[in-house]
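Participant: Annotation comment: TrEMBL describes 27-487 as domain 'Major facilitator superfamily (MFS) profile'. The transmembrane segment annotation in TrEMBL covers 19-37, 96-114, 126-148, 194-213, 219-240, 299-320, 340-357, 364-381, 393-418, 430-452, 464-483.
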Amino acid sequence: MAQLPPGIRFVTSFSRDQWYRAFIFSLTFLLYASFHLSRKPISIVKGELHKHCAASRQVELDSYKEYAVRIQPVKKTSNVSQCGWEPFDKNNYKQLLGALDYSFLCAYAIGMYLSGIIGERLPIRYYLTVGMLASGLFTAMFGLGYFYNIHNLWFYIMAQIANGLVQTTGWPSVVTCIGNWFGKGRRGLIMGIWNSHTSVGNILGSLIAAYWVSTCWGLSFVMPGVIIAVMGIVCFLFLIEHPKDISCSCTPSSVKMQHLLIDSENCSVSLNAIPEVTGEGRHGTSAISFLGALRIPGVIEFSLCLLFAKLVSYTFLFWLPLYITNVEHLDAKRAGDLSTLFDVGGIFGGILAGLISDRLEKRASTCGMMLLLAAPTLYMFSAVSKMGLEATVVMLLISGALVNGPYALITTAVSADLGTHKSLKGNARALSTVTAIIDGTGSVGAALGPLLAGLISPSGWNNVFYMLMVADACALLFLLRLIQKELRCNADRTL
């Protein structure tokens, strides 16, 4: 009998359940990467929407009428003016660009609280598919303003608001799905790797947007819109919400269950601390209420921590390319390419945070340690980035790791842990609401960060970094009680 080829032996070495889990892991990774891919273009295109005017701009015009007559032919024959794209070509461009960020993120924050509640009552596959198709439409809609020569600020603001609302369908859906398929064993590491979809999406979005930004910035939005819409169709065709739907076991039998979040009443860590999610729990229980989810120990603390952690992360997401353009004097394309290094650092930071939290069995302490290091790192970044391109590259990688590490851990492993807390008695439908509350509160900070950056940056970029350092300190402050409890419980177990 002939020996099986190595490739076939490799395929057959994994069970049916393992292959399905690998498939769901990869599929949800790609689905949410496409969400972030479609959010990134606005930060890349900012450098094209407003350009620094030449010193010799239209000197000594006799009157406003004469000026209007002179620029009229330019408006009709070209999509760009000397200072960028109207209405972002004025001196208040930072406030206008900040309004675009704020409109998207504010709509996202408000919609997130509703999204989890709605998502628990609808099939995830349908809910996520509709959201991705709608997101593709509104992302492309922003880019169509270029092709149809639209210069009305409210057109772009409404496109951002609509996109922010429909994008809330993504996170509760994919976290609920991945939480259904993977147990608690090594959840920090698994979700740390899985959460790199955020950075991968940001990197791809930056590269796609940067490719078109200098020649046809409308395509910087249209192409990501097409991509997320196509992924929405893939979601409809292939997403499996729960392992029970295809008779797979709920969690890997070889994985040891771990209770990594400290209960409010005791410090016990046991296999029975969190019951398995059963088929009856999934279909036979009612969805948890908003107030009921808030009463789960740790939800409020981690939500408020994420508010400030996400404020820092999204300020970098939306303003970093423009900062690099101003400080390093690079064009929009090169600044966009360079900004991807922050997300590369974020990939390693998310994986490192998950690995450390699994090893130490301390989620809050891991987040606190990285937040403590992030604040001085941000100060160093503001100082070192002015010394040259090489120093900026190094600090982008380090800052990305420390800023995105706690953000990644809270939005994935912590949310999944809290969503399967023992107080829920196996109610699998609660995970979507808990995830939405945590990420929705974080999205409030995500909305405030870019807005504050737009308001503060005219007084100097250093003041923006001071604001980010204060936000990191506040994030750490809200975790102190949980960190203290983790350390106390660890001391009790060693006695």
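Here the Cβ of each residue, glycine as well, is placed from N, Cα and C on the backbone.
What you see is a predicted model, and the numbers here were worked out from it, not measured in a lab.
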Participant: By Cβ distance under 8 Å, which residues at least 6 away from the ends of the transmembrane segment (96-114) in the same chain are close to it?
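Facilitator: Residues 39, 42, 46, 49-50, 87-88, 90, 153, 156-157, 160-168, 171-172, 290, 314, 318, 322, 436-437, 439-441, 443-444, 446-447, 450-451, 453-455 contact the transmembrane segment (96-114) from elsewhere in the chain.
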Participant: Quick one: do the transmembrane segment (430-452) and the transmembrane segment (299-320) have at least 3 Cβ pairs under 8 Å, skipping pairs fewer than 6 apart in sequence?
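Facilitator: Contact criterion met.
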Participant: Under 8 Å for C-beta pairs, could you tell me which stretch among 126-148, 194-213, 219-240, 340-357 has the largest tally with the transmembrane segment (393-418)?
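Facilitator: Maximum Cβ contact count belongs to 340-357.
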Participant: Of the listed stretches 126-148, 194-213, 340-357, which one has the most C-beta pairs under 8 A with the transmembrane segment (219-240)?
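Facilitator: Looking at each of 126-148, 194-213, 340-357 in turn, the most contacts to the transmembrane segment (219-240) are made by 126-148.
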Participant: Six or more residues out from either end of the transmembrane segment (464-483), which same-chain residues have a Cβ under 8 Å from its Cβ atoms?
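Facilitator: Here the qualifying positions are 262, 298, 301-302, 304-309, 311-312, 315, 319, 323, 362, 364-365, 367-368, 371-372, 374-375, 378-379, 381-382, 406, 445, 449, 452-453, 456-457.
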Participant: Do the transmembrane segment (340-357) and the transmembrane segment (19-37) share at least 3 Cβ pairs closer than 8 Å, excluding pairs fewer than 6 residues apart in sequence?
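Facilitator: Not in contact, no.
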Participant: Should the transmembrane segment (194-213) and the transmembrane segment (364-381) be scored as in contact, given a threshold of at least 3 Cβ pairs under 8 Å and pairs 6 or more apart?
Facilitator: no
Participant: Counting only residues 6 or more past its boundaries, what in the same chain has a CB within less than 8 Å of a CB in the transmembrane segment (299-320)?
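Facilitator: Distal contacts: 39-40, 42-43, 46, 101, 105, 202, 293, 339, 342, 364, 367, 371, 374, 378, 399-400, 403-404, 406-407, 410-411, 414-415, 418, 434, 437-439, 441-450, 452-454, 457, 464, 468, 471-472, 474-476, 478-479, 481-482.
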Participant: Looking only at residues six or more beyond either end of the transmembrane segment (19-37), which have a C-beta under 8 A from one in the stretch?
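Facilitator: Apart from its flanks, the transmembrane segment (19-37) reaches 128, 132, 135, 167, 170-171, 174, 177-178, 181-182, 190, 194, 196-198, 200-202, 204-205, 208, 224, 227-228, 231, 234-235, 238-240, 243, 246, 248, 252.
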